[in-house]
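Take a look at the structure set out below.
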Amino acid sequence: MNIEDIKKALQSVKYPGFSKSIIDFGFVKDIKLEADACTILLDITSTAKEVEDELKKEIPKALPNLNINMIFNKPKVEAQKSNSVSGQNIVPQIKNIVMVSSGKGGVGKSTTTVNLAIASAMQGKKVGVLDADIYGPNIPRMMGVNGQEVEVVGNKAKPLNAYGVDIMSMGVLMKEGEAVIWRGAMIMKAIQQLLRDILWEELDILFIDMPPGTGDAQLTLAQSVPVSAGINVTTPQHVALDDSRRSLDMFQKLHIPIAGIVENMSGFICPSCNTESDIFGTGTCDDLAKEYNTQVLAHLPIEPNIRKGGDSGKPIVYFEPESITAKRYMMAADKLIAMLDSQGEVTNEAIQPIMPAGVSACSTEGQKIKAEHEAKKNSGESCGTGCGCH
Ligand SMILES: Nc1ncnc2c1ncn2[C@@H]1O[C@H](COP(=O)(O)OP(=O)(O)OP(=O)(O)O)[C@@H](O)[C@H]1O
Ligand SMILES: [Mg+2]
């Protein structure tokens with residue numbers, strides 16, 4: 001065998017998750033052959049261990065008569081802006097995790113998540129959306145990927161992709177129409193699996209569409225990964241604002257920096273004359289934003305095309321980029337990106353330091369961990385959890 005034969009044989013090795021081979025991608029940088037020993041130098045684009053493992057398995061299979069030595073050059077994982085001082089970060093390849101939350105249901109969280117994610121991707125960011133609304137996953141429909149098969153690589157699932165955004169949702173993993181009753185521990189497991197068992201690429205931003213409220217899902221997420229920013233979606237009525245306060249308070253308790261508030265369904269733009277009329281009251285969120293020392297990312301009108309885009313899987317920001325609404329989503333994405341870029345490292349000592357995910361601080365086990373932590377902290381010794389107490 002000569003070098004050309006080896007290259008030919010390597011044509012059969014696909015880069016994990018793609019249909020192109022490692023040769024076509026140009027990832028094979030050098031091949032050295034001495035007798036039956038062959039050293040292959042590869043530059044790969046992923047830091048995920050699974051990718052390297054898969055190649056270590058597949059390359060020798062393509063060259064069964066040689067002793068193969070593989071050297072991998074991988075990109076360095078960028079330092080994460082972390083508010084996780086517990087050392088818990090199950091997706092280190094993701095630079096920023098943005099939690100989209102609301103005090104109550106039906107205010108437009110999923111719609112906002114989808115359009116903000118696409119707007120961010122349109123501005124050149126590598127973006128993913130994780131639908132963590134395990135009770136009512138509707139991101140797949142809104143992004144037009146419902147019914148698509150999920151590809152499995154090794155023991156992980158590959159996200160789907162639409163409009164330049166990677167997508168994963170319980171909705172594509174469960175049968176359509178299937179109802180699951182989620183209880184505390186199951187919720188935690190499901191959320192963690194949606195992070196850990198999905199082949200997320202290196203992303204600039206992963207938007208997480210949360211179930212409404214401030215429950216187990218939110219807490220699990222904050223305990224499992226550093227959350228760089230929280231976005232609160234609300235409608236402008238005062239009753240909705242009361243619920244929003246709960247959601248904003250939750251961000252504060254979890255030490256999640258608040259990127260801003262999206263005031264959704266704030267007024268109506270007449271499709272025939274383009275005049276904007278106030279229905280639920282607009283601008284009420286400006287005061288709320290001041291109260292929480294944050295900004296309003298956008299005032300988004302009630303617009304039939306937003307709803308239609310959601311129902312048909314054709315998001316307005318992508319299909320009608322010139323509309324007033326699309327421009328407001330783009331501006332909101334701009335503000336979010338500016339906030340993420342300007343933000344230094346954030347910490348979350350109060351909530352994350354000592355409790356492993358899934359252990360409630362109030363449980364007997366939680367109390368024990370807390371007491372041990374306090375004792376070690378007071379003695380000046382490190383508690384060994386990586387919580388930053390020492
Ligand atoms: N600005 C808007 N104008 C018109 N319709 C909208 C607007 N925002 C959201 N909608 C529609 O309102 C409905 C609820 O929105 P969405 O599903 O995004 O809310 P949600 O907060 O995610 O709800 P849930 O709490 O049930 O997950 C959807 O049909 C959506 O298309
Ligand atoms: Mg939703």
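Quick reminder: no glycine exception, Cβ is built from N, Cα and C everywhere.
Applying an 8 A CB threshold to same-chain residues 6+ apart, the list for G106 (ATP binding site) reads P212. The ATP binding site annotation in TrEMBL covers G103, K104, G105, G106, V107, G108, K109, S110.
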Practice task
Give the sequence-ordered set of same-chain residues, not counting G103, K104, G105, G106, V107, G108, K109, S110, with Cβ within 8 Å of the centre of the Cβ atoms defining the ATP site.
Solution key: S102, P212, V233, T234
Completion exercise
Sparsest Cβ environment (other Cβ within 10 Å) among binding-site residues K104, V107, K109 belongs to K104
Problem - Close-lying binding-site residues around ligand 2 among G105, V107, K109, S110, where CB distance stays under 6 Å - result: K109, S110
Practice task
Just the binding-site residues from G103, K104, G106, K109, S110 whose C-beta lies under 6 Å from any atom of ligand 1, please, or none if there are none.
Solution key: G106, K109, S110
